[in-house]
Amino acid sequence: MFSKLTPLAETGIPTLSCANAAGRLLHSDSRQIKQGDIFVACPGEYADGRSYIPAAVANGAAFVFWDDDGKFAWNPEWKVPNQGIKDLKHRAGILAAQVYGNVSDGLKFWGVTGTNGKTSITQWLAQAADLLGEKTAIVGTVGNGFWGALEETTHTTPAPVDVQTLLYRFRQQGATVAAMEVSSHGLDQSRVNGVSFRSAIFTNLTRDHLDYHGTMEAYGAIKSRLFYWHGLKHAVINVDDEYGAELAGRLKKDCPDLAVYSYGFSEQADIRIIDFTASSDGIAAVFQTPWGEGKCRTRLLGRFNAQNLAACIALLCANGYPLDNVLDVLAKIRPASGRMDCIMNSGKPLVVVDYAHTPDALEKALATLQEIKPQGAALWCVFGCGGNRDRGKRPLMGAAAVQGADKVVVTSDNPRLENPHDIINDILPAVPAPECVEADRAAAIRYAVEQAAANDIILIAGKGHENYQDVQGVKHRFSDLEIVGQALLTRK
């Protein structure tokens with residue numbers, strides 16, 4: 001699907017390997033360059049990396065790859081070896097993969113894409129694979145690294161050179177498996193070019209990022225690229241999702257050598273959920289699969305998490321792990337941070353912090369909590385919408401909150417460069433009788449915790465694991481989990 005560069009041996013640039021690359025890394029950020037590193041300079045979304053070649057050279061770059069668009073000229077005063085490459089922006093990942101010796105070829109590499117569920121599935125796959133004897137690296141929204149020791153990241157899917165540098169480091173640290181969240185932006189901007197995916201999961205397609213993609217058709221087309229990836233062996237598709245069902249059928253026709261596994265509650269699913277129960281203690285489900293039938297009971301919440309478990313079962317069994325072992329380890333997994341994260345204090349309301357920031361995700365989170373809500377109790381929803389993003393999503397979020405919750409508190413999310421009150425005003429037409437409107441998110445959370453009855457449930461939606469709030473381009477320290485903890489502590 002993607003063109004490949006001339007082998008580096010033919011260009012005179014040595015291919016690095018785990019044996020000879022000590023300390024020599026590739027970077028597309030000049031600030032990360034250290035003595036002996038390689039700088040990759042190409043136009044970006046916000047800045048032109050070629051403008052930072054002098055800084056990279058000053059920091060000790062030993063070699064520079066630069067985007068040759070026919071207009072840019074190398075300055076001979078930059079006295080380091082270099083090579084211009086046409087269309088480097090889209091080829092940088094493949095270049096970096098070759099320089100590092102195609103390290104992803106030596107990993108069981110699993111990609112997860114879809115609007116919702118990427119983080120949970122990726123984190124669960126990593127936990128499960130570790131319990132099955134692997135050493136699993138994670139690349140995703142919550143962070144990059146190994147389970148329990150993730151380093152914060154700014155993008156769900158990093159820049160192409162950064163992806164390959166991460167994989168190189170993971171291999172040096174003994175990784176045998178990598179699980180990656182693959183965003184639509186990452187696919188569209190060629191960030192995963194050069195990655196050798198073995199297996200891929202499609203979770204669902206619901207409204208998000210239309211400020212970027214324009215239409216749902218374009219959004220879906222970008223997501224589907226992952227399943228036509230060169231060398232992909234397994235495609236795991238949610239057929240409870242309308243687009244997923246269409247994609248699964250298309251792949252079976254288009255890719256005869258690709259093993260396609262469908263999952264869900266649907267009778268047509270290969271990995272089918274045939275029994276499901278939910279309580280405040282968690283969920284239990286029976287799965288019918290090509291590898292046999294089995295039950296899994298977990299502390300996770302939500303019907304959608306039974307679907308996510310089915311995706312994990314399909315991918316792990318397709319990769320050769322026995323079904324009984326897979327079910328055993330999945331019963332032990334812990335939720336990803338900020339994903340249906342429950343904070344319980346005796347005699348106080350149950351508070352659930354979740355990353356739900358799309359109408360579909362909010363609807364499902366609220367439906368899950370309605371199922372376990374005590375009789376006579378109220379379900380609260382505290383939410384906002386992000387600034388400088390799809391405005392059309394805002395009333396849809398409001399409608400989802402009104403439909404699913406008994407009491408709605410409208411507040412801010414990450415307003416970014418917008419006025420928080422303008423964002424709230426876009427939401428309010430869909431929320432005719434809010435319990436509270438409070439632009440200060442911390443105050444809104446405290447209000448819900450203080451006013452809710454002891455047996456009520458409160459969903460704090462939108463930010464999940466995030467430890468900042470983006471206001472006027474500045475990321476201020478802010479954590480829903482911390483604010484909830486403080487509010488519960490001081491609740492009378």
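Every residue gets a Cβ built from N, Cα and C, even glycine.
Keep in mind the model is a prediction, meaning the values are calculated, not measured.
What Swiss-Prot records for GLY114, THR115, ASN116, GLY117, LYS118, THR119, SER120 is ATP binding site. THR115 (ATP binding site) falls within neither a helix nor a strand when secondary structure is assigned with DSSP, and so counts as coil.
Proximity of LYS223 (N6-carboxylysine) to non-local residues of its own chain (separation of 6 or more, Cβ distance below 8 Å) is seen for THR113, GLY114, SER184, LEU187, PHE202, LEU205, given in sequence order. Taken from Swiss-Prot, the feature N6-carboxylysine covers LYS223, and the record attributes it to sequence analysis.
Taken residue by residue with DSSP, GLY462 (meso-2,6-diaminopimelate binding site) is part of neither helix nor strand, so it is coil. Under 8 Å, Cβ to Cβ, and six or more positions away along its own chain, GLY462 (meso-2,6-diaminopimelate binding site) finds TYR355, ALA356, HIS357, PHE383, GLY384, CYS385, GLY386, ASP413. Among the features that Swiss-Prot reports, meso-2,6-diaminopimelate binding site is placed at ARG389, ASP413, ASN414, PRO415, ARG416, GLY462, GLU466.
The motif 'Meso-diaminopimelate recognition motif' annotation in Swiss-Prot covers 413-416. The average pLDDT computed for the motif 'Meso-diaminopimelate recognition motif' (413-416) is 98.
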Contact set, same chain, for the motif 'Meso-diaminopimelate recognition motif' (413-416): CB under 8 Å, 6 or more residues outside the stretch: 357, 383-389, 423, 441, 462-463, 466, 469-473
Residue distribution over DSSP helix, strand and coil in the motif 'Meso-diaminopimelate recognition motif' (413-416): 0 helix, 1 strand, 3 coil
Rounded inter-Cα distance in Å - GLY117 (ATP binding site), GLU466 (meso-2,6-diaminopimelate binding site): 16
THR115, ASN116, LYS118, THR119 filtered to the binding-site residues whose C-alpha is within 10 Å of ARG389 (meso-2,6-diaminopimelate binding site): none
Cα-Cα distance, maximum over ARG389, ASP413, ASN414, PRO415, ARG416, GLY462, GLU466, record's meso-2,6-diaminopimelate binders, Å: 17
Sparsest Cβ surroundings (other CB atoms within 10 Å) among the binding-site residues THR115, SER120: THR115
THR115 (ATP binding site) and PRO415 (meso-2,6-diaminopimelate binding site), Cα-Cα, nearest whole angstrom: 21
